[in-house]
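Q: I am attaching a structure below and will ask some questions about it afterwards.
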Amino acid sequence: MAHAATQDHHDDHHEAPKSFFRRWFMSTNHKDIGTLYLIFALLMFFIGGSMAMLIRAELFEPGLQLVQPYFFNELTTMHALVMIFGAIMPAFVGLGNWMIPLMVGAPDMALPRMNNMSFWLLPFAFTILLSSFFLPGGAPAGGWTMYPPLSIQGGDSIAFLIFFVHVSGISSIMGAINIIATILNMRAPGMDLLKMPIFVWTWLITAFLLIAVMPVLAGAVTMLLTDKYFGTSFFNAAGGGDPVLFQHVFWFFGHPEVYIMILPAFGIISEIIPTFSRKPLFGYKAMVYATASIAFLSFIVWAHHMFAVGLPLGAELFFMYATMLIAVPTGVKVFNWVTTMWKGSLTFETPMLFAVAFVILFTIGGFSGIMLALVPADFQYQDTYFVVAHFHYVLVTGAAFSIMAAVYYWLPKWSGNMYSERWGKIHFWLSVISVNVLFFPQHFLGLAGMPRRVPDYNVAFADFNMISSIGGFVFGATQLIFVGVIIHCVFFAKKKATDRVWEGSKGLEWTVPSPAPHHTFSVPPVIDDSQLAHGDVGH
Amino acid sequence: MKFGGIRGRATTWLVAASALLSGSAWANPHPWQLNLTKGVTQTSKEVWDLNMASFLVCVVIGIIVFGAMIIAMIRFRKSKGAVAEKWSHSTKLELVWTIVPVLILIGLAWPATKILVRTTDTADAKMTVKVTGYQWKWRYDYVDYDGKTVKKVGFMSRLDKKSDATRQLDSGLDPNKVVDANGTNDYLLNVDHPLVVPVGVKIRFLITGGDVIHSWWVPDLGWKMDAIPGIVNAAWTKISKPGIYRGQCAELCGQDHGFMPIVVKAVPQAQFEQWLAAQESAAQLDKAARTAQATPTPGDSQG
Amino acid sequence: MQQPASFDPAQRRAAVRRTVGFLVAAIVVILGLFLLQFVV
């Protein structure tokens, strides 16, 4: 009974501080900071989501009905920034904060005070970003990719955007340092690297990606800043610079960033599928190696975002081959999940439903990814709704679905209460249907020739846009159910969660009581290999 | 009135259905279009084939993977008394699903490489057109044709007036009513001065940007190419069939990014030569006429 | 390497410090490369 030992610890610090301010604003506790991250991410999910609703409302039918084209561009730009840096990334950091110490048997993160700072930078960063809507020239409207010369053509909002990138970049880097230091130095005795849960592995690799590329983004936007305000000409052709240079530097950050948003999702799914299949994860080591190879490859594929900028033939071929290669380790992961389910003993609680939907829909996003990798075909697909469909399949039904799966999976452990399975399933089914109504027709729109980031379109595109918008409204409204389920579970649910919560759950996090006490593993737990999240110990 | 376009849409539908039945190829996007256009160049046809090949590969893999998942979800349910097995490893299986995808990918990379190598070669073009992207219009300058330099033939090409009036916020005009002489809807896909080119001739495009980055894309030609200030990109096409081919700017370029379409009018070679000669002499004869005319006119250097 | 250094708080602190030092050095190198762009 591992948690008997963890519960009674010595007497210097124990329960959560009584004062609200001290507990939530001055927290150094990984669980409270994790909660803060998750609440922040949920808030941003709704802010970014409401921009998406406005975008879909404008695209409901041809002609402009609601917004001016420039404001439409502000919306698409801010929607992307808020969702990427405000919703997906903080949600994963929150999950990492909550679960990594619990999964490796550490009492807290390695650097608890820095942990507090990494979180509290975010509200300030996003206040700066969102306040740019009220600037005279409006919010940034040059796309989240900030391509010059367009991005520095507008008003001073770009300065706000760059400052936002710096602050949230510092936050991400500090979070990543904390996670690496925790995983490498704070594991309980007996928790070897190759015994760690896959979620911890994927976060370790993600953290290295963050450290490698966030400074690159910071450098790129600083060059943009000096180009606009201090007379440099890094990206200004008239001054001897090169606009394409920015794209190279940006996507050197941008492509690893894509995997920063999906590797932790792979980790979550690799926890959930074995639990509800009651069978060990198939090919644990292959999963770790596949994650590492995806991370490595992410550094040598950046120019596949730029096939149409006029790269030389050799570069086009190199980046095409390297990009196609990513399909191999990604395929290994998908096959391993399916094989984990094979001859298991499956039940379909809400986390499992989201995990299964993740595997199928993320794979569809991967398929369109392979099509996009083929350069001659990409000359047709590039910058169309086909691309929009592709990355929303991997980011919404991929990353966002995995976060929802994780919330349902660990919420009983966090809150001590069981959520309403019935409403969880309603949330799932409405989400999974509406999200496909929303994004699947966008493949057709792109193939038929509709460019992305346009506020209006020819009537030939009207039907699928209307269908897509209807799906979008339903998907948006459905997420209110998600909030309802969470609030109900945390504050009102009568049904208490057991310590183990799920019949098939394995790993250290399930050995502590539900709800997880404020401090856990003050005394290192004794590790029992057969109780770890994977059963591949013999190999 | 927003939904009052039903009659307009019905007309489009009728036109769509009749064209579908008569088997004539679509040169422009049509309602409920699901796939890429086959286009009117060898490149666009090869791209279409590649698109279909990769799509079919994805469908087959999808059927296998999702099929296995669905079978697992039906057969191995706990409620049906399934008992979980303990195994979690199989080197043989893992080797298979590492190597087989590599082979499939090589199978896709091979034709892609072949197409790419062929389409990158802009040599031996009979004609050169310089394309410049501006916020928010295109400029076309005819550089040379058949070995001879073309003198002062160039013009701006921007969104037609009817689309422009209709697309204003709360214009009260119905996009379904923006139709050409044949009743085809060309809302946001029509320009005042189309680019006129000959069929059956290898045309080289020199593409650049005047202010910010744009992207010149006509789906029927099978490619797009970014128009970047300070950089001149080269691309080429050889159109097989006369017709009007429409496209749009594909790179976000500011507020009217969605309102700078591209129209390419491909005509038989003789007709093109006539047109070009007329443009050249017009440029020499009458400078004053250039702003007044509705047809493509040369040397509009003010933009 | 498979095992964290020790459970002794002082040794653990030292190990954390080494890890952080290494990571910060890596970040400084990357940022330094950008700084070079401004100098030359």
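Keep in mind that glycine also has a Cβ here, set from the backbone N, Cα and C atoms.
Quick paste from TrEMBL:
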{"type": "DOMAIN", "residues": "A:24-528", "note": "domain 'Cytochrome oxidase subunit I profile'"}
{"type": "TRANSMEM", "residues": "A:36-57", "note": "transmembrane segment"}
{"type": "TRANSMEM", "residues": "A:77-98", "note": "transmembrane segment"}
{"type": "TRANSMEM", "residues": "A:119-138", "note": "transmembrane segment"}
{"type": "TRANSMEM", "residues": "A:158-186", "note": "transmembrane segment"}
{"type": "TRANSMEM", "residues": "A:198-225", "note": "transmembrane segment"}
{"type": "TRANSMEM", "residues": "A:258-276", "note": "transmembrane segment"}
{"type": "TRANSMEM", "residues": "A:288-307", "note": "transmembrane segment"}
{"type": "TRANSMEM", "residues": "A:319-339", "note": "transmembrane segment"}
{"type": "TRANSMEM", "residues": "A:351-375", "note": "transmembrane segment"}
{"type": "TRANSMEM", "residues": "A:387-411", "note": "transmembrane segment"}
{"type": "TRANSMEM", "residues": "A:423-444", "note": "transmembrane segment"}
{"type": "TRANSMEM", "residues": "A:464-493", "note": "transmembrane segment"}
Q: Verify whether three or more Cβ pairs under 8 angstroms connect the transmembrane segment (A:158-186) with the transmembrane segment (A:36-57), leaving out any pair fewer than 6 apart in sequence.
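A: The transmembrane segment (A:158-186) and the transmembrane segment (A:36-57): touching, no.
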Q: What else in the chain is close to the transmembrane segment (A:198-225), if you only count residues 6 or more beyond its ends and a Cβ gap under 8 Å?
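A: Distant Cβ neighbours of the transmembrane segment (A:198-225) are 92, 95-96, 99-100, 103-104, 146, 148, 151-152, 158-159, 161-162, 165-166, 169, 172-173, 175-177, 179-180, 183-184, 232, 234-235, 246, 249-250, 252-253, 256-257, 259-260, 263-264, 266-268, 270-271, 281, 284, 287-288, 291-292, 295, 298-299, 533-534.
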Q: Does the transmembrane segment (A:158-186) reach the transmembrane segment (A:351-375), going by 3 or more CB pairs under 8 Å (6 or more apart in sequence)?
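A: When sequence-distant Cβ pairs are counted, the transmembrane segment (A:351-375) does not touch the transmembrane segment (A:158-186), since fewer than 3 lie under 8 Å.
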Q: Among A:77-98, A:119-138, A:319-339, A:351-375, A:423-444, which stretch has the highest count of C-beta pairs below 8 Å with the transmembrane segment (A:258-276)?
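A: Result: A:351-375.
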